[in-house]
Structure formats: structure tokens, C-alpha cells
Amino acid sequence: MTDAQMADFGAAAQYLRKSEKERLEAQTRPFDIRTECFVPDDKEEYVKAKVVSREGGKVTAETENGKTVTIKEDQVMQQNPPKFDKIEDMAMLTFLHEPAVLYNLKERYAAWMIYTYSGLFCVTVNPYKWLPVYNAEVVAAYRGKKRSEAPPHIFSISDNAYQYMLTDRENQSILITGESGAGKTVNTKRVIQYFASIAAIGDRSKKENPNANKGTLEDQIIQANPALEAFGNAKTVRNDNSSRFGKFIRIHFGATGKLASADIETYLLEKSRVIFQLKAERNYHIFYQILSNKKPELLDMLLVTNNPYDYAFVSQGEVSVASIDDSEELLATDSAFDVLSFTAEEKAGVYKLTGAIMHYGNMKFKQKQREEQAEPDGTEDADKSAYLMGLNSADLLKGLCHPRVKVGNEYVTKGQSVQQVYYSIGALAKSVYEKMFNWMVTRINATLETKQPRQYFIGVLDIAGFEIFDFNSFEQLCINFTNEKLQQFFNHHMFVLEQEEYKKEGIEWEFIDFGMDLQACIDLIEKPMGIMSILEEECMFPKASDMTFKAKLYDNHLGKSNNFQKPRNVKGKQEAHFSLVHYAGTVDYNIMGWLEKNKDPLNETVVGLYQKSSLKLMATLFSTYASADTGDSGKGKGGKKKGSSFQTVSALHRENLNKLMTNLKTTHPHFVRCIIPNERKAPGVMDNPLVMHQLRCNGVLEGIRICRKGFPNRILYGDFRQRYRILNPAAIPEGQFIDSRKGAEKLLGSLDIDHNQYKFGHTKVFFKAGLLGLLEEMRDERLSRIITRIQAQARGQLMRIEFKKIVERRDALLVIQWNIRAFMGVKNWPWMKLYFKIKPLLKSAETEKEMANMKEEFGRVKDALEKSEARRKELEEKMVSLLQEKNDLQLQVQAEQDNLNDAEERCDQLIKNKIQLEAKVKEMTERLEDEEEMNAELTAKKRKLEDECSELKKDIDDLELTLAKVEKEKHATENKVKNLTEEMAGLDEIIAKLTKEKKALQEAHQQALDDLQAEEDKVNTLTKSKVKLEQQVDDLEGSLEQEKKVRMDLERAKRKLEGDLKLTQESIMDLENDKLQLEEKLKKKEFDISQQNSKIEDEQALALQLQKKLKENQARIEELEEELEAERTARAKVEKLRSDLSRELEEISERLEEAGGATSVQIEMNKKREAEFQKMRRDLEEATLQHEATAAALRKKHADSVAELGEQIDNLQRVKQKLEKEKSEFKLELDDVTSNMEQIIKAKANLEKVSRTLEDQANEYRVKLEEAQRSLNDFTTQRAKLQTENGELARQLEEKEALISQLTRGKLSYTQQMEDLKRQLEEEGKAKNALAHALQSSRHDCDLLREQYEEEMEAKAELQRVLSKANSEVAQWRTKYETDAIQRTEELEEAKKKLAQRLQDAEEAVEAVNAKCSSLEKTKHRLQNEIEDLMVDVERSNAAAAALDKKQRNFDKILAEWKQKYEESQSELESSQKEARSLSTELFKLKNAYEESLEHLETFKRENKNLQEEISDLTEQLGEGGKNVHELEKIRKQLEVEKLELQSALEEAEASLEHEEGKILRAQLEFNQIKAEIERKLAEKDEEMEQAKRNHLRMVDSLQTSLDAETRSRNEALRVKKKMEGDLNEMEIQLSQANRIASEAQKHLKNSQAHLKDTQLQLDDAVHANDDLKENIAIVERRNNLLQAELEELRAVVEQTERSRKLAEQELIETSERVQLLHSQNTSLINQKKKMESDLTQLQTEVEEAVQECRNAEEKAKKAITDAAMMAEELKKEQDTSAHLERMKKNMEQTIKDLQHRLDEAEQIALKGGKKQLQKLEARVRELENELEAEQKRNAESVKGMRKSERRIKELTYQTEEDKKNLMRLQDLVDKLQLKVKAYKRQAEEAEEQANTNLSKFRKVQHELDEAEERADIAESQVNKLRAKSRDIGAKKMHDEE
């Protein structure tokens, strides 16, 4: 379509198709199909990328965001050429894969082209904004257009369906599917808008209606949407206008394609939203529209405010939506009601019920006092809702709180709890809303129903998309099940039926399984014993619960179906009970409340009120409601009444869904897939993973593949022959008969098309995608040619007729002129005047006769027309009714067929089950006999146990009596405690007064006083209860002995019962397994039950008896549990004996429970066995289920009680232990306090005031005493601990003394070693100073050397630049030379050999230099920052390396001796270090303890003084009392005695501390001696180190001489370099001469430049890679010689270049292969280099760590001289560090050896052809490296050697840094050269592009010139024809005139 044609779409054109300019730009965009690709990405699924390289099945690509990735080659997917950008049909993509489809959709979406074809269906992406693509202009533009003639659009899909309906005479359907928020509802509205616009009823006069508000049928169809959306749409998390119901809209058309009528079917209204919404969601729109206050009269009528937060049902989530104007929507809804011809009463009824639901949510109820029943908490809202519903408020509240329930044949009033009332209100509100919505749909259908004839229909399906929420319930299962069925229908239609059609037609086709079969999931949900079936079955049983439903699901499906899984519950999320694997993902479902939702129960009392409501609409809604009891009573009237009342929600949904699928299968479906681009509702943003998930789930990619692989278009042979015969009429002659198939074969065979694009079936010809469009284009072109020819002939004929008319006119004019002249001559005759008067009169008479005849004929025709119209209307009405009946009959036949199939399957299954069950019944009868025998035995055992239980009960009764006595005594003691606490309250007041007087001591003593008061209370109570408790203990001990005997008997009985219990449990397990297998099958076997009736009745009676006994035992267990609880609480407050007794009682009760449990287990076994046989009768099913539920509850309760009792036992044991501890403490306190308390109680009556004051003082004393006792206890514990530690120390000291005696023997040797170390340290310090001076000079020398080195490297860089230039020129000349070498093959072979040799040499040099550079670069990169600090160590290590080479043998001997001594000293030092550490820690501990004890002693002394002062005060106060002085004196003496004891204990502790201090002092002295010895040894080591430093200085001198020699060798290398520069200059001159010669041959080489450029690029890459690798001078000289030889050869062969071009091309290919090989080798070397760098980096970091640790060790060693303990720790660390360094050193030595060995090999290979000077230098380098290696080996066992190896590494680091700088310079030079080369290439490419553009311009001008010449020729021929024609006309005129 051109831009001019797209102008018909108006402003929507830019949103539908790219302009011609954009298409042209896209086609001319640069694109390389080899490199442009898609690569996988973790975040974006796929990203665009360019291939950088391919190697070994791996591809390296650079993504569009600059990231480089390496992936497998099969993961790379090619991009489509630019002309396919934003393609409208993705089936036409060249490369069809996931990223191509994704990016096509993404690019179109970015341009706001939201519709895209995908094979046979359409994909639409939600734009989240308004686009102008749905106006009337666009509708008109799409009308009658073929799919290929217009851009993709929902209107195009709709028009195609409309055209198919008319041409194929078949019903159509449009299935709009997608996730929630993808835009399904909007597209549905657009489809309806399109049909209403293009297929409106033709005659406008018929649309006129006397009722102005009703509107036309198309208006009513369009206005049905706003009405339904107001009541059925709501805001959700993902969509602001989400349809919460599904709808199938059928638009009926007449035979001519005009609208006839419409109807709507709805599915699954989400009625739970009426009473509950999530936070981010809201209720249905109608509630907020009413509350928007746009129509205030509505608020007054409904008695509501305009604040949504006043109503609970509508304010749980959000109350407003930014994208929706509720007030405007209210007007739209109200006007929609008017257009749909709702009456005012109906509208008011709908609004009233909506308002009543809001008032329902505000009704409040509360619980009656002392009852569980509910009563109203205010009646205002109930009054409002009752008024709006036309009810009585009191009756409504009564029905809610006290509903009438039918029990048997009578009705009983039942009281409801508050929760039950609220649940009932919610259920009623949901039911009212749902029934009102369904009534609205029925009412709208009645409006849309017309008497017009209906021939066909187009159905539009808009149903809720697949839903996966955090909380998925029954509604989500129904919605997802519906989507599963629709997806299966899509898959079946697209994949299965399509391929079955091919096989049926006999086309060669291999069946492709696209893996899209969803039948397993569908069967899991809907088949017998599926989820829905089990749910409906559970709803039939009154005792069933959600958990029994879950258990059945698990039993039937877990592990048996792959689609049914156990969920993974995550903390923080809602609990899930099972998971289903749907096509769109795995969904976790929560089954809570499913049974209630499925049964959907209502309060039938309130429903009865609804049925009698004065509001007509309310009574209508519930007029058809029938409960279970009404169903029973209505048996006689109608058989279906009862069945309908028991129909569950799931069954109703399945029935509606099956009808929908049946309807869809009879239509031709058109699929529209809606895609949600992102979760944020952001326009223009596409989330790639989200879109890819939807594409995979929706089968978009599979649809495209089947469209491309299969044959989506097919035509019957007859239709094809009739339509396309025009393409070649000669192939099918008209005169003879030819079979339609043969005619089609001949016709297609004669056409110029791809004959693999179609296949012939038995009845149809099949076409691949696109071929039918091509045939249509050919047909249109043929028709246009034929029509053009016809038009030409017609125009010619018309012109000839016109010419003839002109001639006739001319002749007529001549005749008229002659007649006029004649008339003018006779007009005045009298006879002529008479003629003029008579003539008109004759004609008027004739016309009157004709008019009369016509009127008569008109009357007859009018009568006939009226009769035919009446007859036609009757026939049309009959036809409509017959069609409806036919459709209904078809549905019934289909349903009957399905039922018949199900019945047959069930019959077969029942026959099989019957055989199995008969065999199992026999087994069961045998087992029943065995069980009866076992039952008899168990009953006997049970009697014995009952006897034992009775005996135990007697014992328990006795125990209960004793417990009752204990309880009474406990209460008495508690009363006494209360009295005492009252008295103590008075004491507390006095204490408070005294504490005010003693403010200084308030904070310290207040808490102690309170604690003491509480203890005194306890003492009072305990002393009083002690005597009584002792008596009770004696009684309890006697009963305890009896209980022990009973316990032993019970133990024996328990063991016996446990054995029996195991046997019964095994038999129970077997029976349970059999029961689960037979449960469902035995329901359908009624005819076998009669044989077992008598046995069942007996068993039932026995079960009832056992059940009664079980209840009695259970009651008895509960009583025992209560007794145990009471006993547990009492045990918490009594002593050890009571706790022991309670434990014994608990064990007895536990044994009793076990004995009772055995009987209960037996009862359960009998009951289960009874339940299995009772299941054989349907009448006993309910009783069996009740027994099972009761048994399960008892089992659970019993298990819970046993577990609880076990926990109680554990708790009581813990409490018992705690009480035992408290008892022991209390006994100790009682012994101390009882005497004091007795004396205080005696003195209390006489001296109350004095006693209180004295008691206060005594309390203070006691507090202090307790503190003293605690501190004394602490001291005693510390003393005991110190004594043990002293004992340990004494033992250790003895060992140390023995060890010291051994150490003293080696003391002399150690002291000598320490002196040596000190001397070494001093020498090393002096050497450091000397080295510092030497460092400055060496730095100066190093700077000079660095400058020389830099100059040398600059010169080397210049050499490299010249060399690279020469190499490039040589490569150019070599290519030219090779092109001309056709006649000199022998010379070319020699050149090839030389080139191969050069390449080999280059590779060897590359390997050598690469190895050397890698080692140097690695060491340099890391240690660059530390080079200044490490220079001293470098010089020192160089000097040491030279000097130590001479003294190696002597030093090795000395080193071995020192090593031995060092190890011995280290071991001794370790032991002494450990001893020192332990002694120091002990010393610190003792010091701390001593200080603490001193502090305590001081505090005690101060407290003693205070106490003495207070005692003196008390004695004065006691003097006044007189009588109690003697008693108080005793108390004082006791306190003094205790004080003296404390003092003596403190003195003993002090003495022990002094003793320990003496020991510690002795240990310190010994420690100081050891430290002094160690210091002396360190001094000796320092002296040795100084000596080593002096040796190092001598080595530095020798290294200086070697450096001078190195400088001289470098100067010699500079001289050689300068000489080579001169040689290179001469070669440049020669090359310039050769260039002048070569310029003459450039003209002949243009044809081969394209090949040479690629080769040149590859050679340049190889040269650059070699330049990066530091080539040496020998290779440069050898190449120069080769270059001179080649230049001479090139001069000789320049003239022959043209003849040798063809041979050179072949040689170029071989050379490029060699270059690629070289490049791959270079890359491998570089990778190896990087690996070695990383290894060396790791080694360097480890060495750095070792150096740092060594430095830390040195500092710690210095500190060790001043602090022995710290020195020992640092020595230990030094020892660990040295061991670590030794290991590191060995690894470093091995690594350096490997690297050195490789370096030597590389240098030997690289320096084969070098000069002697270079060989000397390399030999010198190898000598130095050998010396370094020897030095590293010699110093391997000591820390000194480690430091020297580190310094050597630093030297290498410095050298590497210099080499790195040189390499950087070389790299810069190479980069400059590469830039120049790129510039030359760019210039050449620009010239080539300019040439191409000039050539294209020339071709264009040439083409235009040819066209102009053709036009001139055509014009000239036309002029000649016109001239000839004019000459003929002139001649003809001349002839006529003659």
C-alpha cells in the first residue's frame, strides 16, 4: 500500500504501517548477514550483537550495549535483513526464531503499531494509552479489504470473519485471549463496534422506532458493554478495568449479511469481590459510580452518602482509579439502560439492590451475655437495607440471627453465632449481586432479540485470562480450567486438526508433535475421580471438610499424575495445599472454603423473605430458588426440581463450558492473542522475559511454524477451477469435459510458480502460506489486463457510436434546416393552423387511457406484494424458530452422545470392578472370620484390663483423698501467709522511714532489704507448714511404697499390651489400605450388600457399645488429665517428696492411658472394619463416614493428650529438679534462720517498737551477712580454684625446674649464640648505614643507566617503526610479485619456501619473546609502586649474588650447622615460650584475684566497722528494752562469731595469696633469667648478621663491576643499532624506486584489489601482533637481507603482473590460510602469556605478603628485647611465618626455574642468527640468572635467604617495569602505524564508494535516458498514427466533398 492509499486511514496511518520513506531507509541500512545476530541474555532474554570471531564451536560477539560475550555457536541466532524490520506478518520472516519474533513485536510496539499478524492469527500488545486507530474513518478504510491489502488490525480480523461468513456460509467465532490486563475487553468492544457499523440493518426506515430512547439494534449492541462493565468490571492489581466475568457475544446476521439480533452468555462472575477486595484493588465500578454524586437523587433514593469509606464492602482496597471518571461512567451506564429499554422501575430496582448490598456490609452484631448466640448491635443499617429490598427489618434480623432449619419433618429455630451471621450476610450479598447480574444479562438478551431472520452468527469470546496470584482459590481454578480448555481448542485447531486434514486428504506429511497437548491437565480436573468430581462428591457428605477433600486429592493424584504436585510453602506467603501444572505455569491452590463455595449455601429463612419482597425485582430474582427440602416436596410436580437444587457451582460451570466448546467447534475460529508488555502499565515499555513467557504459552511460535511448514490455505477443486481458470483458459478447454482435479493440476502446472508450494488432496488443493496471495495477484493482474482490453474495445466502440451520432446529427441538422425552410414557407396556410389546434387533443385522449390501465395494474401488483410480504415474514419467523430448535437439538444430541460415551466407559469399568470386587469380597469374608476370632480374644483381654482399671481407679481415689487433704492444708498455709504479709506491710513502712533517714545507703541496700523481706515471708510460711508437711511426708511415703508395687504390676501389663497393640496396629494398617482401595468402588455395588446385612447389624450394635465405652474412657482420661494438671500446679510449691509422688502418679496415669489406649485402638479397629463393610450399602454411607470422622477425632485427641502429657512430664521433671535445688537452699537457710526467727517471734509481743527497729537492723545485718557469705563463697571457690591452679603450677614448676636444669647445661652454648647474633645485628646496622650511602650512588648510576636504556628503547622503537613499514611494503610487493609469477613457478616455489621459513622464524621469535615478555611484564605490573623502597634491596641482593657464589661451599656447611642449632634453639624457645606464656597468664590471674581479694577485704573491714558501730547503737537501744537484751546479745554474739569466721577466712585467703605471690615472684625471676639468656643469644645473632652485611657490601662492589660491563655491552648494541638504521635508510631509498616502478603496474591490478585488501588486513594483523612482541636485532637483519633479494626479484617481474594474476589469486587464498594459522597461534601465545601473568601475579602477591610479614617479624623481634612475653609471642609468629615463607620460597624457586628454563630455550631459538655480541650479552644474562638461582637455593632454609630471593624478585620487577615502558612505546608506535593504515584503507573505501555511487548514478541516468527514448519513440509513433489518421480523414473529407 502506497502512502497515497494509506491516506484513506487518516491520522491512524502512522500507527498502522511504515511510510515509504521509512521502508526505503530500512532497506538501505548497512547490514552484514554474517555478523549481525542475536545472543542470549539473562535479563533481556536476547540482545542484538555482532560476531567478532568464531573459533572451535565458540563465537565471540559484542552486544549492542558494548559487552563482549563468548557462547556456543548453536546459541547464536541470525538477524533478519533490514527489509523485514517491523514486518506485518511474522510468518514471512527469513529466520524464524524466538528473538526475531520478540524484536519484531518490540520494534513495532515502539512505533505504536500494536497489531501484528502471526501466521493465521493476530497478536496485539496493550499500548496503555489511547491511539486514534478505531474511528469511523478507519472502519470505512478496512471494510471489504483482504487481509493482505491492509495493515494488521482487529478490524481486519473482524472483516475477514464477516467475509468468510458470507462466502463460506459458515458460522464464525473470534477468540480474544490473553492474561489479565492485556486488552481483551477493549478489543472485544472494537469488534462489536465494527460489526455494528458495517452490518447495520439496511433500510433506515425500519430503524425508526416510536420509542425515542430505545435506539437501534446496533446502538443497543454497543450500549450493552457499558451496562455490563459497570456491574462486571473492577480494578485489579494488573488492570484498572478488568472484566471479572467471561462473556460470549453472538451477533446474528441475515442471509444478506445485515444485523438480525444478538445475545450474550456470561461465565464465572467473581462474586466474592462484592464483599472482599485486596488492598490494591476495588469493588465493581457501579458502587463508586453511585457514590460519585453525579446524580444526587440516587443518593437520596438509596439512603447513602458520597463517601465510600462509610461502607465496609466497598472500602477495603482503593476507592478511586486515576484512569476512570466514575461520574461520567454513571451517566454512560444510565443512558445505556435507557437505550436497552430498561423501564424506570427496573432501573430503580437495580440501583436499590446495589445500595442495599452496601448497607448489608455495615450491619453490626454482638454476642449475647452468657450465651454464644448473636444479637443486633444497632438496627439503622438493617432498616435501610430492608427498606431498599422491600422487606420487614425485624423479620430480616430475626432470619439472620435465628433462622429456621428443617430437622426431619419439623422446622426448628436455630441460634447463630456472630461469625455465622456475618458469613450468612456475605453469602446473601454475593447471591443477590450474582442473580441481579444474571437477570441483567437475560434482560439485555430480551432487548437484543428481534424477529428478523437469522442465518449465521459471529461469536466474540472475551473471558478472564490465566491468573497466578499469591493466593489462588476456587475462582482461579475455574478460570484457569477454562483457559486450559480454550488453549487446548486452539492447539487442536492449529496443530492437530490441521495435520489430520493433511492425512485425510492423502498429502505426504510427517506428523509433527509440537508438545502442546494439554489433555492430561484437563482430565485431571474434569474427568471422573478428578478434582471437580472429588469436590462434588465431598459436597454430598455433611461431615466432609476441606481437609478430607485434600486427603482424597492426595490419595488419588499425588504421585500418579505429573500435573498434580505438592506445593512448596514459603514463609511470608499464603499457605498452599496442592499445585497444578498448567500450560502457562505452575499454580499453587489454597482449598480453604472450597466446599462452601461449591455448595454456595444460603440462609433459607432470609431467602423466603426475599421471595415475598415488595420490590418486584427482588422477588423475581429468587422466585426460582429451591432448597433441598423444597426439592423433596416437589417430586410430584417436576422431576428436574430436585436435581437443580443439588447442582454445585463446579458442575454448573462445567456444563456451561461444555456448551461453549460445542458452539466453538461448530464455528470457524479466528484467534487474537493479547499480550501484556509490562507489569507497571507503562506505555511503550516492553519487558522481554514477560512477553517471551506469554508467546511460549500462547503457542505463537508454534502457530507460525505450522503455518510455514504446513498448508494453511485450501480450496475445493471445483471452486479453484471456477475462480482461477482465467489465469490460463487454454489449459482447460471449454468444449470438452475435464475432471475438476485434472483441470486444477493442468492449470497449476501451466503457471509460472514454485510447484513445491502446493499439494493435491482427494477433494482439495492445498497451498503453502503466500502462494494463494500470489495467485490472487496474478488473477487480479490478468483481470486488469482483460478489463483494460475490454475497456479499450468498449471505448473504441463508444467512440465509433459517438462519431456515427455526430455524423447523424450533421445529417439531421441538414434535414431540419431543409424542413424549417419548408415550414417557414407553409406556416401561414389556414389548413396548417387548423392542424396545429387538433393534433394535441388527439394525444391527450390516448394518454388518459394509458394512465387508467397503469393504475389498474399498479393496484394488482400492490396487492400481490402485500401478500408476498406477509408470507415472507411468516416464513422468516418459522425459519428463525426452526433454526433455534435445530441448534438446541444439536446441543442436546451432543450432550446425549457425551453422556452415552461416559455411560459406556462407566459400564466397562463397572464390569471390570465387579470381577475384582467379587474376588476381594471373598478375601474380606475370610479376613472377617479371622478378625472375629481376634475380636473374641481382644474382648477377653479387654475385660481383664477393665478389672485392672477398676483397681487402679480405687487407688486413684485414695490418692485423690490425700491430695484433697494436701490442698486444704495448702489453703490454710496460704491464709497464714496472707496474714504475715499484712504484718510485713507495716514493717515495710518502718523500713521506708528508716531508708529516708539513710539516704546515702538507699540505692545500695533497698533491693537487698526487699529480698530479705520476701525470704522472711517464705521462712515464716515454711516453718509453720514444716511440721504438718513432715507428717504428710510420712503418710505419702507409705502410699509411695504401695504405688511402686502397683507400678511394677502395670509395667508387666504394659509390656503384654504393647505386643498385642503391635499386632492389632498391623492388622489395622492392612485394613486401612484395603479400605482406601475399595472405597469408591464399593459405593456402586448394592446388589452384594444383602448377604452381609445381618453381620453388619451385629457389628453396628457392638460398635455402639464400644463407642459408649470409648467415650467413658475418654471422659475418665480427661478427668485424669485435670487431676494431673492440679497436681502439677501443687507440685510447683512443695518439696522433693511431693514432686516424687506426683511423678509416680503421673507414670501411673500414663500407664492407665496406655491401657485405655489399647482398648480404644481395639475399638477403632472394630469400627474401621465395620466401616469397610458398611460402605457396601449406600444407605449406611453417612453413618460410616460419621464413625470414621469420630474415630479420627478420637485418635487425634488421644495422640494430642499423650503428647501433652509427655510434655507435662518433662516440665514436671524440670520443675522437680528446680524445686530440689530450692529445697536444699531453703534447708540451709532454715537451719540458720529458724533459731533467730523463734527468738524474734518471742520478743515481738513485749517490745514491738523496739523489735521492729531491731528487726530492721537485723535485716540490714542479714543482707550484709548474705553479701559476706556470697563473697566468702566466691573466695572459697576462688581459693579452691587457685589451690588447684597452684597445684598445677607447682607440678609445672617442678617440671620446669627439671627442664631448667637441662637448659642450664646448654646455657653456655645459647649465650654464645646470642652474643653472635648481637654482633651480627650490630654489623648489619653498620652495613645498613653504609648501604644507604651506596644506595644514593647506585641510584644515580641507575638513573644514568635508565636514561641510556630509554634512549636505546626509543631507537629500538624507531627501528620497529621502520621495520613495520618495510614489512608492510614487502607484503605489498610480495602480493604483486605473486600475481605475476605465472611463468616463474620455480621462483615462486622458492619464494613460498622462504616465506614459510620466515613465518616459522617469526613464530619461534614470537614464542621466545612472548615468554620473556610475559615473565617480565607480570613481575613489573605488580611491584611498580614499591620500586623506590626496594632499590636498596635490589643492589644488596645483586652484590650478595656475586659474592656468595664464591663462598657457597663453606657457607653451606655453616648453614647446615646453624640450621641444626636453629632448630634446637627454636624447639627450646618454643617450650620456654609456652612456659612463659602460661606463667604470665597465671601471674596475671593471681594478681587480679589478689587485688580483688584486697578490695573485698577493705570492703569487709569497712562493713565490719559499720556493723560494730551499729551494734553499739543497738546495744544502747536494747538497754532500754530490758527484757530482750539477753536474746539480742546472743544475736550480736552470733553475728560477731560469724564476722570472726569471715575474718579468719579472709586471713587464710590472704595467706594463700601471699604464698602464691611468692611462687609467682620466683617464677618471674626464672623467667627474667631465661629472657636475659634469649637477649644475649639475639645479640650474638646480630653480630652474625653484621658480618653477613659486610659480606654483602663486598658483593655489591662486584656487582657494580658487572653493571659497568653491562653498560659497555649496551653501548655496543647502540652502535649496531645505528648501523642498522643506516642500512634501513638505504633500503627505503630502494623501496621508493621500486614504488615508482610499481606505479606503472597499478593500473593492471584493479580487478584483484578486493582480494588483496582482505589479505592485506590479515597480514597487517599478523605484523601488528609480531610488532607487539619485541623482535630482536638478528631477525631484523635477516629480514632486511630477504627484503633486498625480493626487491631485486620484484624489479625483474613487475612487467609480468598482468599475465600472472590468476595464479596469484590461488596463492592469495593459501597465504590467507597461513595468516589465519599465524593469527591463531599468536592468540594462543597471548592467552598463554595472560595465564602466566596471572600465575606470576599471584606469586608476587604472596611474596609481598611474605616480605611484609618478615618486616613485622623484625619489628616484633626488636620489641622482644624489652618485653620477654611479647618477644616469645613474636618469635612464635616469626617461626610460623618462616615456615610459610619456606614453602612459598620453594614454590617461587620452582616457578622461577620453569620460567628461566623456558626463557633460556626461547632465547636460544630467537638468537640463532644473532651476532656474537648479543650472544655474549645473553650468556652474561644466563650466568647472572644461574647465580641468582644458586643464591636462591642456598638461602632456601633460612629467613635471610628468603629476604635475598625477595630482593632478586624486586630487581626483576624493576627490569620488567623498564621493559613495560619500552613495550608501551612500541605499542604507541604500532597504534600510529595502524591508524595510518586505516586511514589509507578508509581513503580507498571512500574512493570505491564514490565510484560505486557514480556508477549507480550513471546507471540511473542511463535508465532514465532509455525510458525517455522509449517515451519519445512511443510519442513519435502516436504522432505518426495521428498524422496518418488526419491524412485519412482529410482524404475522406475531400472525397465526400467531391
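The backbone N, Cα and C atoms fix where each Cβ goes, and this holds for glycine too.
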Where Swiss-Prot places phosphoserine when the choices are S1142, S1512, S1609: S1512
In Swiss-Prot, the member of S868, S1271, S1478 to which phosphoserine is assigned: S1271
Where Swiss-Prot places region 'Calmodulin-binding' among the ranges 186-203, 690-707, 816-833, 1428-1445: 816-833
Range annotated as region 'Disordered' in Swiss-Prot, from 1789-1818, 1819-1848, 1909-1938: 1909-1938
Per Swiss-Prot, the range holding region 'Calmodulin-binding', considering 340-357, 610-627, 790-807: 790-807
Annotated stretch (region 'Actin-binding', per Swiss-Prot) among the listed ranges 220-242, 657-679, 1761-1783: 657-679
Cβ neighbours of K129 (N6,N6,N6-trimethyllysine) where a neighbour is any other Cβ within 10 Å: 10
Tertiary contacts of the region 'Actin-binding' (759-773), as residues 6+ beyond its ends and Cβ separation under 8 Å: 91-92, 119, 148, 502, 504-508, 707-708, 710-717, 720, 741, 744-745, 748, 753
Cβ-Cβ neighbours of T1284 (phosphothreonine) (radius 10 Å): 10
Residues of the parent chain within Cβ reach of the region 'Actin-binding' (657-679), under 8 Å, 6 or more residues beyond its termini: 105, 109, 118, 120-126, 128, 154, 157, 160-161, 164, 168, 170-184, 187, 238, 248, 265, 267, 459, 461, 465, 481-482, 485, 489-490, 493-494, 685-687, 690-691, 694-695, 698, 700, 890-891, 894-895, 898
T1277 (phosphothreonine), number of other Cβ atoms within 10 Å: 10
Minimum Cα separation from T1277 (phosphothreonine), reported as the residue among modified residues K129, T379, S417, T1284 that achieves it: T1284
Pairwise CA distance, T1284 (phosphothreonine) versus T379 (phosphothreonine), rounded so that it is a whole Å: 84
Integer Å distance between the CA atoms belonging to T379 (phosphothreonine) and K129 (N6,N6,N6-trimethyllysine): 47
T379 (phosphothreonine) to S417 (phosphoserine) - Cα separation in whole Å: 17
Tally of DSSP helical, extended and coil residues in the region 'Disordered' (1909-1938): 29 helix, 0 strand, 1 coil
Cβ neighbours of S417 (phosphoserine) where a neighbour is any other Cβ within 10 Å: 15
Whole-number mean of pLDDT values that fall within the region 'Actin-binding' (657-679): 90
